[in-house]
Amino acid sequence: MCGIFAIFHSSASEADLRRELILCSSRLRHRGPDWSGYRVIEPNESMNITHAHGIAHERLAIMDPESGSQPLESHDKSIIVAANGEIYNYKELYETLAKPYTPKTGSDCEVIIPLYEEHGATVDLCKQLRGMFSFILYDRKKDLFVIARDHMGKTPLYMGYGNDGSIFVGSEMKSLVDKCTKFHNFPPGHIYVSKGDKAGEFQRWYTPNWAPEMLPGVPLPKEKFNAANLRLAFERAVTRRMMSDVPWGVLLSGGLDSSLVAAICARNIGRRSTSFPKLHSFTIGLEKSPDLVAAKKVADFLGTIHHSYTYTIQEGSDAVRDVIRCIETYDVTTIRASTPMYLMSRKIKAMGIKMVLSGEGADEVFGGYLYFHKAPNAQEFMDETVDKLSRLHMYDCLRCNKAMSAWGVEPRCPFLDADFLDVAMNLDPEEKMIRTGPNVKKEDQRFEKWVIRKAFDTPDDPYLPHDILWRQKEQFSDGVGYGWVDHLKEIAESEISDQMFASAKNRFPHNTPTTKEGYRYRMIFEEFFPGEAAEKTVPGGKSIACSTERAMRWDASFASRADPSGRAAGVHDSAYDETFEADTKLDGPAAKKAKA
């Protein structure tokens with residue numbers, strides 16, 4: 001994971017532009033502590049380049065650490081690329097080029113150059129890529145620049161506009177917040193092209209056949225569940241993300257999603273060249289938290305070298321301000337979950353680990369949040385999963401990427417693999433729906449994420465312990481220890497007076513905080529990122545256990561219990577003491593209940 005930054009159509013002198021380029025890019029150096037690279041393109045009348053441009057790159061070296069520094073250049077130096085991300089199919093893409101290309105480096109991102117030469121500044125340029133990416137490309141011969149972001153927005157990217165007509169692009173908001181009068185999230189799955197002095201255009205390049213807002217009129221998918229097909233698709237998504245020239249590991253909470261990722265990595269690590277001969281796994285939580293106990297059981301089963309970190313509520317509280325500065329949001333559940341991840345990332349980096357695989361995205365794909373128990377029909381279920389995926393770049397992708405990148409660690413999320421999404425999202429939503437209650441026969445009962453659990457329920461060759469495979473959903477901010485969220489609410493109650501909260505609408509007319517906890521985070525956010533443009537980069541709306549506003553109408557009781565914590569949905573077994581303190585081996589009453 002790296003940091004990219006650019007200024008196009010600048011009226012500044014070469015010296016001033018370089019100075020500003022270095023200053024703004026330095027704000028991203030935590031993302032890429034290994035090297036910095038800069039290119040300044042001066043106006044050139046003979047080449048019809050009327051304005052100056054600058055491109056910068058802060059590198060975290062994962063592939064080809066010795067020679068893969070950026071910005072990358074074509075052989076004739078006419079094309080410049082600064083990229084943040086990983087292109088997992090780069091070797092295959094080189095083989096499919098109509099005109100053979102000899103790479104100058106071992107960087108997977110260099111393949112963007114010959115792809116651009118072949119496809120031009122079109123949507124086809126991005127449609128070839130499999131991975132996570134945001135990139136900036138400049139063509140000197142045409143005075144043309146291209147900006148693009150991956151299909152899910154797994155890598156962050158912002159775009160802003162200066163008073164002199166210049167365009168700013170940066171991996172994080174902090175790189176341009178004080179330089180632009182207006183800025184916004186660069187939309188995932190889009191490409192932006194601008195040539196010369198002409199205004200640029202956004203084009204959507206990602207148009208999956210399961211997303212009605214991208215392809216209007218798309219009917220509900222009708223593909224029936226096939227365990228082998230789903231299992232194979234996910235195994236491919238995981239193994240392609242094991243590509244690395246540096247030490248790496250897996251995040252392991254002990255929940256279903258991260259445990260499946262770890263299980264597939266453990267099965268395949270012996271087939272890959274790696275800096276570590278065995279798989280390392282990492283988890284964090286308050287002492288005796290659910291995740292610590294479950295993760296240890298999974299690690300023992302898989303045989304990973306496991307690193308279990310504990311943090312205190314005070315340590316978490318002390319980090320909240322810095323977390324908000326790093327992740328650039330005031331969303332309550334994102335901050336709750338980002339704080340332990342931020343603390344864990346620092347520990348991981350101290351071990352020399354630069355890349356980890358993680359389980360983000362499964363709950364959006366399979367309707368794993370506990371409020372999905374209330375989905376009234378297949379259409380509502382499907383619409384909610386699509387909406388959740390389309391907003392993931394503002395929530396879990398943002399949390400995972402920025403909390404990890406704060407310490408120079410790259411996260412990879414196989415559940416968001418484009419090919420895997422095409423398989424999983426084309427399943428008939430009836431197959432994913434939760435079926436419980438007294439009127440449902442025992443053999444027909446299903447709870448959240450049943451299809452992915454069933455796909456990996458292979459008793460003769462188990463991927464995971466049975467009680468882990470069928471463990472109930474825990475949101476990360478809950479699973480690290482229930483006392484964490486409760487303490488954050490208590491802090492807000494002590495810091496935000498009733499009088500302050502009563503005037504919330506006056507102080508924050510946009511996305512007015514609905515809780516004192518939200519008010520506290522908004523105040524901190526405003527210190528680092530003042531102004532209307534910044535506040536509008538964060539989504540709003542009522543939520544129950546991470547839902548969209550749509551799901552609030554699924555159950556009348558949701559309105560009185562609106563809270564992003566998973567426990568708010570009313571279906572969570574909150575008997576924490578019984579389940580995890582007295583039953584630390586996960587084979588007691590709660591586990592037996594989950595098996596039933």
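Each residue, glycine too, has its Cβ placed from N, Cα and C.
Just so it is clear, the model here is predicted, and its values are computed rather than measured.
Under the heading active site, for GATase activity, TrEMBL lists CYS2. Packing around CYS2 (active site, for GATase activity) is summarised by its Cβ count: 28 other Cβ atoms lie within 10 angstroms of its Cβ, all protein chains included.
Positions annotated as L-glutamine binding site by TrEMBL: ASP108. According to DSSP, ASP108 (L-glutamine binding site) sits within a helical segment. In the structure as shown, the Cβ atom of ASP108 (L-glutamine binding site) sits within 10 Å of 25 other Cβ atoms.
Other Cβ atoms within 10 Å of the Cβ of ILE284 (ATP binding site), summed over all protein chains shown, number 28. Sequence annotations record features per position, and here TrEMBL assigns ATP binding site to LEU251, ILE284, SER358, GLY359.
The feature domain 'Glutamine amidotransferase type-2' is assigned by TrEMBL to 2-197.
A sphere of 10 angstroms centred on the C-beta of GLU360 (site 'Important for beta-aspartyl-AMP intermediate formation') encloses 26 other C-beta atoms. Taken from TrEMBL, the feature site 'Important for beta-aspartyl-AMP intermediate formation' applies to GLU360.
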Protein Cβ atoms within 10 Å of LEU251 (ATP binding site), excluding its own: 27
For SER358 (ATP binding site): intrachain residues, at least 6 apart, with Cβ closer than 8 Å: VAL250, LEU251, SER258, VAL261, CYS400, PRO411, ARG412, CYS413
Between CYS2 (active site, for GATase activity) and GLU360 (site 'Important for beta-aspartyl-AMP intermediate formation'), the C-alpha gap once rounded to whole angstrom: 20
Cα distance (Å, whole number) from GLY359 (ATP binding site) to ASP108 (L-glutamine binding site): 23
Alpha-carbon distance [GLU360 (site 'Important for beta-aspartyl-AMP intermediate formation'); ILE284 (ATP binding site)] in Å: 16
